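This report concerns only the one structure given below.
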C-alpha cells in the first residue's frame, strides 16, 4: 500500500532533510516541483517540450503542467510519494486531490514542521557563517533580511493550505526544532 504525504514548513525548517530520511527509510519518492520541471526538460518528452517552451519565454509553468508531471510520476507507481513544494495554493491543493482520487489514491497526511521564526533565522545565518568559514559557497538569500522576507511570503501563501488540510482532518503538526532523529521519529509515527 502506498503512502502519500505533503511536507509543509517555512524555509530552513528541515523539509529537505526529513524528505531525504523518508526516502531512505520508507522507500518513498520525493516529488519536488523544481526537480520535476528540470527532469522533464531534459527528458525531451511531450510534457518536457511544453515545460521548455514555457520556461524559454520566461513564463511561469501552469498548474496543469505541474499536475501532468505529477501524474507521470504517480503512474510509475512505487511505495508512495512525498510532495515537496507542492501544493502552494488552494487551487493546486484541489487539483492534487482530484488527481489522487482519479488514480485511486489518497493523501495520508499533511505534516507541518512547526518552527520558531527567530530560531530559523539563527539556523540559516549560522549555516551561512559555517559555510563561509569553511570556504564554501553561501546562498545569496541566506541572511536574516532575505529569510524574513521569504518567511512572510511563505506564511501568506501557505496559511490557507493549513486551514484547508486541517478541515479535511489531514494536518499533523510536528515540532521541527528538535534533533533531526527526534523529528524523523515523530514523522515516522504519523506515517506509520
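Here the Cβ of each residue, glycine as well, is placed from N, Cα and C on the backbone.
The ATP binding site annotation in TrEMBL covers 12, 13, 14, 15, 16, 17, 127, 178. According to TrEMBL, the feature region 'NMP' maps to 32-61. The AMP binding site annotation in TrEMBL covers 33, 38, 59, 60, 61, 85, 86, 87, 88, 92, 139, 150.
The structure, with features from TrEMBL marked on it.
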{"residue": "12", "record": "ATP binding site", "Cβ contacts under 8 Å, 6 or more apart": "115, 120, 123, 124, 127, 147"}
{"residue": "13", "record": "ATP binding site", "Cβ contacts under 8 Å, 6 or more apart": "113, 115, 120, 176"}
{"residue": "16", "record": "ATP binding site", "Cβ contacts under 8 Å, 6 or more apart": "84"}
{"residue": "17", "record": "ATP binding site", "Cβ contacts under 8 Å, 6 or more apart": "180"}
{"residue": "33", "record": "AMP binding site", "Cβ contacts under 8 Å, 6 or more apart": "66, 84, 85, 86"}
{"residue": "59", "record": "AMP binding site", "Cβ contacts under 8 Å, 6 or more apart": "none"}
{"residue": "61", "record": "AMP binding site", "Cβ contacts under 8 Å, 6 or more apart": "37, 51, 54, 55"}
{"residue": "139", "record": "AMP binding site", "Cβ contacts under 8 Å, 6 or more apart": "128"}
{"residue": "178", "record": "ATP binding site", "Cβ contacts under 8 Å, 6 or more apart": "186"}
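Of all the binding-site residues listed (15, 88, 127), 127 has the fewest other CB atoms within 10 A of its CB.
For residue 14 (ATP binding site), the count of additional Cβ atoms within 10 Å of its Cβ stands at 24 [all protein chains shown]. Residue 15 (ATP binding site) and residue 88 (AMP binding site) have their C-alpha atoms 14 Å apart, to the nearest angstrom. Cα spacing between residue 14 (ATP binding site) and residue 88 (AMP binding site): 17 Å, rounded to the nearest whole number. DSSP assignment over the region 'NMP' (32-61) gives 22 helix, 1 strand, 7 coil.
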